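Participant: To start, I am sharing the structure in question, which I have written as structure tokens.
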Amino acid sequence: MIFETIMIVFLSIKALAILLCFIRVMMGPTMSDRALALDTVGLLLIGFVGSIMIIHETVAYADIVVVIGILACLGSIAIAKYLERGVIFDRH
Amino acid sequence: MKWKTNNLLFIHVTRIVAFLILTFSIYLFFAGHDDPGGGFIGGLMTACSVLLLYLTFDKRKIDEMLPINYVYLIPAGLLIAFGTGFLGILFADPYLTQYFDYFTLPWIGEFELATAVLFDVGIYLGVAASALVIIVTIAGDE
């Protein structure tokens, strides 16, 4: 009972953090703020799925964690390269 | 902005991580029979690994390394997925019936072979090729 309460509070805090990051994505003053907030959304989603794995007592979602990690990493690399170089793919 | 930056760390990490992602995509493809995974997410992860190569090196070098026109892979995958459905009709069963059996292979032990894997190969090719075509066309636009 106390465990379920703790997990519900934990998931609520994490959902609130994702919402705050999403607000930062929408109204970030610079593009770097948006890139950082999107990367943080990916990391928070990894923690969210991990705590759902603890609640359901399974390891079946471990693949989803890796997929979200790869997608967040690739998205951050693409945004960072676009901000620094102005192009996504080099051609020369 | 004509100076070239030397992102040595990024290039050397990519050379390892791209193949790790490719291995993970093949694992996801074969895990899809009775675990999360399958042809769709396997194809997307394959597209991710090739996209990482495109991001790191320039486009011309990757086009030399992978001389594949991804546009032709989409109808090939769709034809495989469409054609394996007719296996059911050949044995007087409904369309898209899958057959499976258990075999004992050396060094592996008991192993399940199913015809649904062939259908998944078609999905894999179609999804990977269409994701790559979309990304390369949009990002490579002049």
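Each Cβ is built from the backbone N, Cα and C atoms, and glycine gets one as well.
What TrEMBL records for B:7-30, B:36-57, B:69-91, B:111-139 is transmembrane segment. Annotated domain 'Na+/H+ antiporter MnhB subunit-related protein' per TrEMBL: B:12-131, in sequence order.
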Participant: Determine which residues of the chain contact the transmembrane segment (B:111-139) at the Cβ level, with the cut-off under 8 Å and only residues 6 or more beyond its ends counted.
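Facilitator: Same-chain contacts beyond the flanks: 29-30, 32-33, 38-40, 42-44, 46-47, 50-51, 54, 59, 70-71, 73-74, 76-85, 87, 96, 98-105.
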Participant: What same-chain residues lie close to the transmembrane segment (B:7-30): Cβ under 8 Å, and 6 or more beyond its ends?
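Facilitator: Long-range Cβ neighbours of the transmembrane segment (B:7-30): 37-39, 41-46, 48-50, 52-53, 55-57, 117, 120, 124.
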Participant: With DSSP as the reference, give the number of residues of the domain 'Na+/H+ antiporter MnhB subunit-related protein' (B:12-131) in helix, strand and coil.
Facilitator: 80 helix, 12 strand, 28 coil
